[in-house]
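Here the structure comes first, spelled out in structure tokens, and everything after it is commentary.
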Amino acid sequence: MGGRARSILRWLRHHRSRRVSSSSFHLTTTGDDTVKDLHDPRREDAEGDGWEEVHEGPESDPEEYIALVSEDAGTHLPVRTEPRRMDPSKKEPDFFTEYGEANRYKVSEVIGKGSYGVVAAAVDTQTGERVAIKKINDVFDHVSDATRILREIKLLRLLRHPDIVEIKHIMLPPSRREFRDIYVIFELMESDLHQVIKANDDLTPEHHQFFLYQLLRGMKYIHAASVFHRDLKPKNILANADCKLKVCDFGLARVSFNDTPSAIFWTDYVATRWYRAPELCGSFFSKYTPAIDIWSVGCIFAELLTGKPLFPGKNVVHQLDLMTDLLGTPSAESLAKIRNEKARRYLSNMRKKPRVPFTKKFPGVDPMALHLLERLLAFDPKDRPSAEEALTDPYFNGLANSEREPIAQPISKLEFEFEKRKLAKDDVRELIYREILEYHPHMLQEYLRGGDQMSFMYPSGVDRFKRQFAHLEEGVSKGEKSSPQLRQNASLPRERAIGNKHGDDEYHAKLNVGEKPCHASVTDGISKPLMSARSLLKSESISASKCIGEKPKQDRDQEDSLTESMDETADEVSEKVAQLKT
């Protein structure tokens with residue numbers, strides 16, 4: 001056992017006596033009532049994600065803890081949270097008008113809703129696994145939103161890795177040419193890294209190292225497939241109580257092909273400013289590389305170390321000022337690569353700033369961690385390591401193992417031919433339908449044989465949900481509790497072929513961080529869950545995490561008021577720099 005693994009064990013033993021509140025990270029089931037604890041998120045209003053925060057039930061004790069459980073040690077790693085509790089008796093009708101108990105999924109409650117859809121926590125009755133089901137409403141009202149959904153479900157099908165959120169199933173629509181909504185089933189994650197950072201001021205160096213390792217391992221896989229995520233930030237990294245992380249929200253991701261024009265590749269780039277690489281703050285460099293994601297990883301790592309965003313810029317110019325305040329004035333070589341003349345002139349005329357030693361900026365932090373952080377935050381992208389190179393840094397000695405770091409093959413250009421042409425609504429509908437069939441192999445074979453079936457001979461899951469839960473909606477509207485109507489003589493939905501999943505058990509065993517199952521037991525096909533349904537899906541992205549139960553506006557701190565926003569495109573940014581700082 002390595003030194004860092006031993007230190008985790010000592011930490012666990014030291015905290016053995018600390019008890020965990022009953023309203024922790026777990027889902028507590030008593031009879032028909034389900035009580036779920038939810039985080040208070042920092043709402044990202046400026047990003048316009050469209051989610052309404054649902055406030056139900058009393059506010060929980062802010063000193064309660066989330067239990068990060070190690071089965072080997074039999075102890076808890078306490079992580080503070082400030083949850084709110086949703087009243088389990090109030091099941092929102094918005095979801096159940098379209099969705100309810102079909103043969104496979106037992107819905108427990110609605111856990112999120114917004115302009116783009118509704119999310120429910122459910123149990124897969126075949127496996128006992130807890131899942132999150134997102135119903136995305138009116139997918140094709142806007143072709144741009146539908147294209148983003150198509151891109152994301154395609155990438156999440158092609159990128160299968162333990163550090164990337166997984167789509168488990170997509171329900172077959174009732175009609176090939178007329179469907180409007182889609183139902184996507186995800187593995188259920190409990191929270192996101194933003195909430196973990198915000199709720200904890202006592203994360204250990206082992207946490208920092210473990211989190212960064214998983215993030216870089218995921219990016220190694222993603223970049224090997226020639227994919228750039230383009231929107232990495234703590235809210236787009238899901239987290240579980242066993243300290244496992246998973247990257248989500250691939251709605252802005254792009255596959256890089258050698259013949260992809262830079263102007264086309266970055267036309268719609270609007271990633272969150274605080275985590276945006278300097279070359280994206282003013283169309284700096286003629287060719288973008290995976291180094292844009294590496295910069296974001298560095299910003300996230302710094303936030304893990306300090307508990308605060310590293311570069312919380314109020315606008316693009318302020319963002320550049322914060323970067324140069326820490327990293328110093330860029331070198332002449334770096335400035336020469338800036339293609340926007342006015343942006344280049346602004347930085348060239350900037351007063352000379354010395355580089356701040358990272359030991360001063362981050363006092364008390366492991367020197368090896370700071371050395372790697374400096375590499376990740378190099379101003380010039382050519383000076384940043386690749387994810388694969390970063391994993392060989394001495395900081396990960398005794399932890400990194402290439403056998404646990406699979407890489408993907410580059411994605412075929414044929415998968416993303418749709419990016420090169422203007423799509424009509426019916427085009428996107430057909431492409432999304434084709435992606436859905438990947439989870440219904442029997443129907444896919446018929447489709448590939450040239451079948452032109454417009455509707456299906458057996459009831460689709462969506463049809464059954466509408467029919468079976470009409471009574472539940474009526475009961476909820478009257479303030480009554482209602483149980484889902486049991487299915488009678490409906491055929492089972494087509495099952496997707498189950499592939500092997502990448503395992504990570506050996507790695508967790510080495511770190512003495514045990515795998516915590518998503519359920520304790522299965523009785524009559526329904527699990528008795530241990531975990532809270534915290535991974536909510538926001539906005540037009542189908543996989544991003546969004547917790548509900550927001551703090552009252554007057555209670556938000558100054559940091560929360562500086563919410564990062566989805567910003568201008570690169571060209572607009574250049575013009576803004578020119579106007580403000582000519």
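Each Cβ is built from the backbone N, Cα and C atoms, and glycine gets one as well.
Features as listed in Swiss-Prot:
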- D231: active site, proton acceptor (ACT_SITE)
- I111, G112, K113, G114, S115, Y116, G117, V118, V119, K134: ATP binding site (BINDING)
- 33-45: compositional bias 'Basic and acidic residues' (COMPBIAS)
- 482-491: compositional bias 'Polar residues' (COMPBIAS)
- 493-502: compositional bias 'Basic and acidic residues' (COMPBIAS)
- 557-572: compositional bias 'Acidic residues' (COMPBIAS)
- 105-396: domain 'Protein kinase' (DOMAIN)
- T267: phosphothreonine (MOD_RES)
- Y269: phosphotyrosine (MOD_RES)
- 22-61: region 'Disordered' (REGION)
- 474-502: region 'Disordered' (REGION)
- 542-582: region 'Disordered' (REGION)
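The secondary structure of G117 (ATP binding site), as reduced to three states from DSSP, is extended strand. Counting only the Cα atoms, the space from I111 (ATP binding site) to D231 (active site, proton acceptor) is about 25 angstrom.
V119 (ATP binding site) sits 22 Å from D231 (active site, proton acceptor), taking the C-alpha atoms as the reference points.
Separating the Cα atoms of D231 (active site, proton acceptor) and G117 (ATP binding site) is a whole-number distance of 22 Å.
Here the Cβ of I111 (ATP binding site) has 27 other Cβ atoms within 10 Å, regardless of which shown protein chain they belong to. In the three-state DSSP reading, the residue listed as 'active site, proton acceptor' counts as coil.
Following the DSSP three-state reduction, the secondary structure of I111 (ATP binding site) is strand.
S115 (ATP binding site) has a Cβ environment of 13 other Cβ atoms inside 10 Å.
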